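The following block contains the structure, expressed as structure tokens.
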Amino acid sequence: MIQGGKSSYQNLNEKQREAVMTTEGPLLILAGAGSGKTTVLVNRIGHILDTNGVFPSNILAITFTNKAAREMKERVERILGDESDGMWISTFHSCCVRILRKNIDRLGYTSSFVIYDRSDQLTLLKGAIKELDMNEKLYDPKMVIGHISDAKDKLISPAEFMKTYRDDFKMSKIAAIYERYQKNLKKNNALDFDDIIVKTVELFEKNEEVLEFYQRKFKYVMVDEYQDTNRAQYRLVSLISRLHKNLCVVGDDDQSIYGWRGADITNILNFEKEFNGAVVIKLEQNYRSTQNILDSANAVIKNNNERKSKNLWTDKSGGEKIKVFKAMDEREEGDFISRKIRELTEGDNGMGDFAVLYRTNAQSRAIEEALMRQNIPYKIYGGLKFYDRKEIKDIIAYLRLIQNPLDDISLKRIINVPKRGIGLKTIEKLESFAYSKEENIYSAMLDLEDGLISTRAKSKVEQFVSIISTLMAMNECMNISLLIEKVLEDTGYMEELKNENSVESQTRIENLKEFISSAVEFEQISEEKDLETFLASISLVSDLDSLEEGDDYVSIMTLHSAKGLEFPVVFMVGMEEGIFPSSRSVLDEDRLEEERRLCYVGITRAQQELYMTYANERTIYGRKNYGTNSRFLSELPQDCLQSYNAKIDKIKNHPSSNIDMREIKKNFTFGSSVKPEVKKDIDNSGIELGSRISHPKFGEGTIVSKTGNDVTIAFENKGVKMINLEYVKLEKI
DNA sequence: TCACTGGGGATTTTT
DNA sequence: TCCCCAGTGA
């Protein structure tokens, strides 16, 4: 039945084969970096299908990224061909969207729901705060979104949230905002990213027969990157697999770097406890990197306490040493990298062999400038995403409104884009009118009462309605790419851009054209070709999906974005205390361990060569900072290293800083830009870890860490702040 | 309604 | 430093 079926398992190592053969019951595969987990998953799927009575449609494989899903799908198709039809290999989100489209009416939404991204969320949330007559200054929307998202990750409903924080003034206000926000989402027939998971769980828990349907369907469930799952995803997975119990999860606790996004590392650490009779298989043989690279990665990660022990090994012994370079500043750091790349491309390496990885996006500029100076082609991942561009968001807003007229957020976005003389006042009136009738803005616009708005405004609104309703009719009979062109034309959007005739408007037009071609491509490859599916698919993609390895350019990106990728030569830059590990994590053991895992992820991206660089002096947000080497550098084994010029210092937090971290976290404020007051007026020798000082503005505090001229101080009632000694005079107490 | 300005804030972000 | 947003004046 399967081409090359069993015989191909001969290429697997013993552990891998064991993982492939273990198909029944709960299975945890601890797959170290580069240990061939996708190969195992793909072969395992093939093996499951060898079993009598199992069909492709009985298999569900879940990944986090589209890229991973696509890769797995391709590889499965390669060994199974048409046999793979009907199998679900998709991301958590697209799998849930698929389920919701069918059944969400049971939760009071309609199947034409739209998906809100982060900026839509923010708009909606600000509206909710306003409706509740609260002050945005006090309830910072980003902070509130954080709390809401956190709650959703943990499946905490607004009501439960309220109950938990009944006695906490501020948090109970946030609970009220959460409740209103959720109500408004529903009113707009919209889901945010978190809802996609949460609502699916809700659907399953409230509708036994729906759950049963999927439980029966999916006899075998596989989850990739299990270390990144949150509570909600954990719940989802355990619900679906409860009947057959054939749940296989693959993950690496050492690569858990999304804790701050709600990923719950205990999901993987406690798997054996949660799922009775679970088998655990460790894949420790690495096929990617040299021994030196692996030794370094192992040595760094060994400093973490919270982990399942694991030791990567390879039969590729030796290899190039890890090269450490100390630069004067970020400019020299960049030049070192571009020189090295030039040098190595004289030999066997192509531009596509290199990646430059940094901790924060802000670091990309110095790197870009250096690469440009040497005329090195590069591609940057992250930063402003294609779908985040204004013109793309505008056209998407039009499409969303056409699909789902309940979507007030999209309507408000484009009602006056391009300018049609419908101003803020008019929109406000329309909104409160709609609100009073418990309707959405668009439907309110369909039958306007006389005298509500001026006749001038009224005729403008009617024009707008007529454009949209025509487009809605067109959607019924037209394919998407054509519809998009119609939208751009009929709304006057394209015309306005053309009239502007600037370089900027030109790129916007280019981007819109690219958007149209993405629609054309969608029409060619997708089974369902309706607007609904198109909009969902673009809400669920990221720029990272477009990364193609082997191309002739250097890839530059954050360490987070690099997870799952590999490159022959990797540069990890900005290896300085305060940058990496970030100054926000050095005070907290858990966060520091996550930074260390991020470092582990970075190191294990390298196949042959790894460079680590740091700078003495770095300008951050227009201010000079002086740094010391990252503690992670000092954790590397000496005999794996080759240093150009660096003497690596050991970094330690003050051991006896007997400060209660929980207390500090409560009112953690960071990076208050302390204005230059008194110039260098401090005897640096007076600043020691643990010593008590007094700050002109913040009062008394204790010094908890020190890097160059930056000291971090825990203040009695102002939380923790980082102070640059160059600008502020501190008095020793 | 729109263009300008000044203040404040600025990890990481698979979907 | 650079970008976003709220507030202001024409």
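Every residue number used here counts from 1 along the chain in the order it is shown.
Here the Cβ of each residue, glycine as well, is placed from N, Cα and C on the backbone.
The following feature annotations were taken from TrEMBL:
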type	residues	note
BINDING	A:ALA31, A:GLY32, A:ALA33, A:GLY34, A:SER35, A:GLY36, A:LYS37, A:THR38	ATP binding site
DOMAIN	A:10-290	domain 'UvrD-like helicase ATP-binding'
DOMAIN	A:291-564	domain 'UvrD-like helicase C-terminal'
I need the most crowded of these binding-site residues: A:GLY32, A:GLY34, A:GLY36. Count other C-beta atoms within 10 angstroms of each C-beta and give me the top one.
A:GLY32
What is the set of residues, excluding A:ALA31, A:GLY32, A:ALA33, A:GLY34, A:SER35, A:GLY36, A:LYS37, A:THR38, whose C-beta falls within 8 angstroms of the centroid of the C-beta atoms at the ATP site?
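Neighbours found: A:ASP252, A:LEU283, A:ASN286, A:TYR287, A:ARG288.
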What same-chain residues, at least 6 away in sequence, bring their CB to under 8 Å of the CB of A:ALA33 (ATP binding site)?
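Within the chain, A:ALA33 (ATP binding site) has Cβ neighbours under 8 Å at A:ASP252, A:ASP254, A:GLN255, A:ASN286, A:ARG288, A:ALA297, A:LEU312, A:TYR600, A:VAL601, A:THR604.
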Any idea what the model's mean pLDDT is for the domain 'UvrD-like helicase C-terminal' (A:291-564)?
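That region's mean pLDDT is 89.
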Look at the binding-site residues A:SER35, A:THR38 and tell me which residue has the greatest number of other C-beta atoms within 10 angstroms of its C-beta.
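Answer returned by the neighbour count: A:SER35.
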According to DSSP, collapsed to three classes, what secondary structure does A:LYS37 (ATP binding site) have?
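Going by the DSSP assignment, A:LYS37 (ATP binding site) falls within a helical segment, counted as helix.
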